Amino acid sequence: MYKLVLVRHGESEWNKENLFTGWTDVKLSEKGVSEACEGGRILKEEGYSFDIAFSSMLVRANDTLNIILCELGQSYIDVEKSWRLNERHYGALQGLNKAETAEKYGEDKVLIWRRSYNVPPMPLDESDKRHPIHDSRYKNIPKSELPSTECLKDTVARVIPYWTDKIAKAILEGKRVIVAAHGNSLRALVKYLDNMSEEDILKLNIPTGIPLVYELDKNLKPVKHYYLGDEDKIKAAMESVANQGKKIDR
């Protein structure tokens with residue numbers, strides 16, 4: 001039996017402001033730092049330790065991981081970072097307020113942009129400074145692979161090869177693995193692991209900073225999964241994620 005721990009980064013400054021973030025590199029909020037500390041504390045209390053960690057190229061996930069590893073006294077373990085674990089790219093929506101966008105275009109349309117499996121938002125033009133081709137951290141990645149926008153299907157297409165080539169390989173080698181990433185890159189992985197339908201994945205809300213444990217059999221098929229922490233807090237956190245795209249109350 002293997003165990004895999006997944007953690008969505010703690011609340012970021014743009015999460016706090018309810019903005020579409022995507023590949024924009026935004027730091028953790030004060031609350032996000034606290035969430036990461038709490039996640040690390042819970043993992044320590046439950047006796048978890050790790051041999052290798054995987055994360056994205058974005059600071060909010062990297063800092064969450066660093067805080068957790070510090071709480072565990074394991075800052076020394078190997079960390080592998082990849083753009084394939086980045087958040088879904090939200091195209092021209094990046095930087096816009098989710099609730100105000102819902103007021104302008106309607107909740108149904110924003111829900112489709114946020115959560116549909118195969119409908120991406122409007123793309124960024126390559127001349128836009130927000131496009132990842134202008135970010136030096138991606139200079140070694142072919143321009144053709146860097147997205148202008150993504151739907152969840154696109155995110156799955158880049159996450160799963162990384163799971164197979166890197167993460168699953170490490171687990172099968174007997175390494176204890178933690179992955180600190182993002183709401184949609186983790187949803188892509190959960191969809192694959194649990195063989196979820198396109199419809200069911202739309203309803204999945206992964207809360208920030210709360211460790212999600214998967215117990216896997218010898219073929220890396222899930223036996224069960226569960227969050228660590230207080231059940232009421234977990235439920236409230238999941239509801240908070242679900243409410244992000246709703247219109248502003250007047």
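Glycine is treated like the rest: Cβ placed from N, Cα and C.
According to Swiss-Prot:
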| type | residues | note |
| --- | --- | --- |
| BINDING | 8-15, 21-22, Arg60, 87-90, Lys98, 114-115, 183-184 | substrate binding site |
| ACT_SITE | His9 | active site, tele-phosphohistidine intermediate |
| ACT_SITE | Glu87 | active site, proton donor/acceptor |
| SITE | His182 | site 'Transition state stabilizer' |
Please report the number of other Cβ atoms within 10 Å of the Cβ of Arg88 (substrate binding site).
28
Out of Glu11, Glu87, give me whichever of these recorded positions has the highest number of other Cβ atoms within 10 Å.
Glu87
Measure from the CA atom of His182 (site 'Transition state stabilizer') to the CA atom of Glu11 (substrate binding site) and give the result in Å, rounded to a whole number.
11
Would you list, in sequence order, the recorded positions among Arg88, His182, Gly183 whose CA lies within 10 Å of the CA of His9 (active site, tele-phosphohistidine intermediate)?
His182, Gly183
Three-class DSSP secondary structure - Trp14 (substrate binding site):
helix
Enumerate same-chain residues with a sequence separation of six or more from Trp14 (substrate binding site) and a Cβ-Cβ distance below 8 A; give 'none' if the list is empty.
Phe20, Thr21, Thr24, Val26
